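J.: Sharing a structure here in structure tokens format.
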């Protein structure tokens, strides 16, 4: 094929002429760069390459990272993992070879990305999120993604979502809003972990964590300031009572002093809040509780008050109307269990952990399901986190109103909070902080 035939076949002469004319109109000082960028925008983007690798999460345990390439560049995503995986959540594929990372390596999941998933998705339009996710679901063919691995699929799904935003030349949260037909991006109220317990810390506290929610802040920036100041006042309170050793932190960044009871921990947090002067603006939340806690403390949210299969008592507790009752282990972000909980009025909010589902599209679907039932939705980190800040954009784009991503310390937790600061700055006068409307955002 001659040069002229090639030009004619791809209509390149016309496209180059359009680019040159645009450069002339723009009076650009660098016409070559301008024409190059103009030509790149004129070509519809497709997925050209997908590369998976094994990295380490915040606990030093292997997880999956993906670089997805399109005509517009490369887009990276990594997935977190939790302490305990439930029987109703999507399968996290690990090698099981005790000679490598104590059985936790993810080389099989990575191989699935580099071979099977890559082959299936190359050439697809990154803006078509549901088609990309469905292609992986069809390729896996199992109910819980046990063939390819939910960790492999989610990493690719998130990377594709980022690529889709770049193709549309919009922020990630805006692309997510478009995917879900949302029109009101909202900055969420952060639930800061301040005291850690259970498997997340080395103390005697039976519950998983105590959190604070700056509901009375007027902006996310102010909420982050309130959280940080309270956290540091709490450190001083704990140091006064337990010494330096009491200021050790758990996996989520919360302090882990040896406490004799939940009430003792709540009193520490109450004292820290009083020292900040924000007493009327900051509320508290816990992972497990009893009715009396809500009467004595300003608790507005309780997560998993009973065992994951104790539907009856969770329902009875929710019926009391004392506070938001969040289903985590009860629901496991599982579509069928959420439907059951809605039907039985078993709780009033969903804790969304995207890696329990496996794709962005399915996450959007369960959020819609919960919102349609007038539930609250809390997007959540995991104990094994990465520096990926995707859930920050997800929370804004879907106007969830609540985000839970650990203490205002540790890089993998702050990556999400700092991204929310950037989003608020970018939105400028259009920025809306959920605040008092944290459940109905």
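The backbone N, Cα and C atoms fix where each Cβ goes, glycine too.
Remember, it's a predicted structure, so these values are computed and weren't measured experimentally.
Features from TrEMBL:
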- 252: active site, proton donor (ACT_SITE)
- 353: active site, proton acceptor (ACT_SITE)
- 200, 209, 303, 328, 380, 381, 382, 383, 404: substrate binding site (BINDING)
- 287, 303, 328: Mg(2+) binding site (BINDING)
- 47-176: domain 'Enolase N-terminal' (DOMAIN)
- 184-441: domain 'Enolase C-terminal TIM barrel' (DOMAIN)
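Neighbours and distances for these, please.
T.: All protein chains shown were included, and the count of other CB atoms within 10 Å of the CB of residue 252 (active site, proton donor) stands at 28.
In the shown protein chains, 23 other C-beta atoms lie within 10 A of the C-beta of residue 353 (active site, proton acceptor).
Sequence-distant contacts of residue 328 (Mg(2+) binding site), defined as residues of its own chain at least six apart whose C-beta falls under 8 angstroms from its C-beta, comprise 287, 303, 304, 351, 353, 380.
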J.: Going by DSSP, how much of the domain 'Enolase N-terminal' (47-176) is helix, how much is strand and how much is coil, in residues?
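T.: Summed by class, the stretch gives 54 helix, 26 strand, 50 coil.
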J.: Within 10 Å of each Cβ, count the other Cβ atoms, then let me know which of the binding-site residues 382, 404 comes out lowest.
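T.: 382, out of the binding-site residues 382, 404, has the fewest neighbouring Cβ atoms within 10 Å.
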J.: To the nearest whole angstrom, state the Cα distance for the pair residue 382 (substrate binding site) and residue 252 (active site, proton donor).
T.: 8
J.: Which of 287, 303 has the fewest nearby Cβ atoms, counting only those within 10 Å, among these binding-site residues?
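T.: Each of the binding-site residues 287, 303 was scored; lowest Cβ tally within 10 Å is 287.
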J.: Measuring Cα to Cα, how many Å separate residue 252 (active site, proton donor) from residue 404 (substrate binding site)?
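T.: Here the two Cα atoms lie 10 Å apart.
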J.: Residues near the Mg(2+) site, 287, 303, 328 excluded, by Cβ within 8 Å of the Cβ center?
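T.: Output for this site, in sequence order: 208, 209, 288, 302, 304, 326, 329, 351.
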